[in-house]
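Engineer: My questions all concern the structure below.
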Amino acid sequence: MPPVVGKKAKKGILERLNAGEIVIGDGGFVFALEKRGYVKAGPWTPEAAVEHPEAVRQLHREFLRAGSNVMQTFTFYASEDKLENRGNYVLEKISGQKVNEAACDIARQVADEGDALVAGGVSQTPSYLSCKSETEVKKVFLQQLEVFMKKNVDFLIAEYFEHVEEAVWAVETLIASGKPVAATMCIGPEGDLHGVPPGECAVRLVKAGASIIGVNCHFDPTISLKTVKLMKEGLEAARLKAHLMSQPLAYHTPDCNKQGFIDLPEFPFGLEPRVATRWDIQKYAREAYNMGIRYIGGCCGFEPYHIRAIAEELAPERGFLPPASEKHGSWGSALDMHTKPWVRARARKEYWENLRIASGRPYNPSMSKPDGWGVTKGTAELMQQKEATTEQQLKELFEKQKFKLQ
């Protein structure tokens, strides 16, 4: 598509990264919109792009104002098999095409309000978990890709994959578009759910055609950066090159196992005590930058103020602050205007950097014991279905959970 007359053409994602620029991603949509009443926890599907476009648009705008350079289409779990999984009505009543098209239109509208790019995103599928063939799974990705091509997104992201095999299938499908492809996996230092180490995952993704690789979701910034470091080492050992990307959770997960925060008993409705502070995220941004990561964003739990923290921490390198910083004093400096003297005394970096945050929950533990069911692709409980989950199926799961808790 030719550039609009009178409008300066935006630099592409690889042009920016190849020049050493910092690209700031956006934050988490499904969790943020679930809290606001627009997404249903459980299926986590993005029909809000059609049903409540104003809510999706506003969240995009807040991330843009906070400093995001990329507007990811709100197409997480927007594959047709997911939109009809376990009794979901979206495919039948709305259609996958309408959801994906609406998400693209909203992202483009907001991206063009600033210097942001639009990334069309696909994620893991019920088809893969149910042991469908490579051809069948790739067909699911292709349905979304056709919409992304029609809407002329700037680049593509294959994100949130627990198995590198499926992530590779996604990259191989997306790369046929001729557009740059990024690929992120929701894995920790132990690797994917089939035991493939992070370094090998990175090598496979790059060989499949990804220009940008890394992690997203499931783990906190500290664990995620350890995983990206292993990916980087894997690429170096294989003499392969790719740009690095990190979009972790905004929840602290030191007690997670291989499955990440989904295994925590608090998932998804009791995670608030684990939320990272803006100062935690500034530390994450600096560590990511020092590691050589240049695409830095967030996933579930990341609100616009977290993205602003990334933009503020890296402002010296980028040369500017985001618009949202107009109402935010650096390291709490605006607290010098507070009426209470002890709060004015907190208007300094040293205070917030060294504060040990209390939870306010005196009888609660600091750590949890993950559920650890150990299920992965091919396990009976992970086989997906079009019909709603039955009472008998739930009863069996409740009994299994009781046994695990004993």
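Just so you know, the numbers here start at 1 and follow the chain as drawn.
Here the Cβ of each residue, glycine as well, is placed from N, Cα and C on the backbone.
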Engineer: Looking at Swiss-Prot, which one out of C201, C217 binds Zn(2+) in the same site as C299, C300?
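Structural biologist: So the Zn(2+) site in Swiss-Prot includes C299, C300 plus, from the candidates C201, C217, C217.
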Engineer: So if I draw a 10 Å sphere around the Cβ of K40 (N6-succinyllysine), how many other Cβ atoms end up inside it?
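Structural biologist: Here the count is 15.
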Engineer: Cβ distance under 8 Å to K241 (N6-succinyllysine), same chain, sequence separation 6 or more: which residues?
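Structural biologist: For K241 (N6-succinyllysine), the qualifying residues are V206, L235.
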Engineer: Provide, as an integer number of angstrom, the distance between the C-alpha atoms of K340 (N6-succinyllysine) and C217 (Zn(2+) binding site).
Structural biologist: 39
Engineer: In sequence order, what residues of the same chain, 6+ apart, have a Cβ less than 8 Å from the Cβ of C217 (Zn(2+) binding site)?
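Structural biologist: Set apart from C217 (Zn(2+) binding site) by at least 6 residues yet with Cβ under 8 Å, we have E159, Y160, C186, Q247, P248, L249, G260, C299, C300.
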Engineer: Output the one of K93, K232, K377 that, of all these modified residues, has the highest number of other Cβ atoms within 10 Å of its Cβ.
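Structural biologist: Result for the most crowded candidate: K232.
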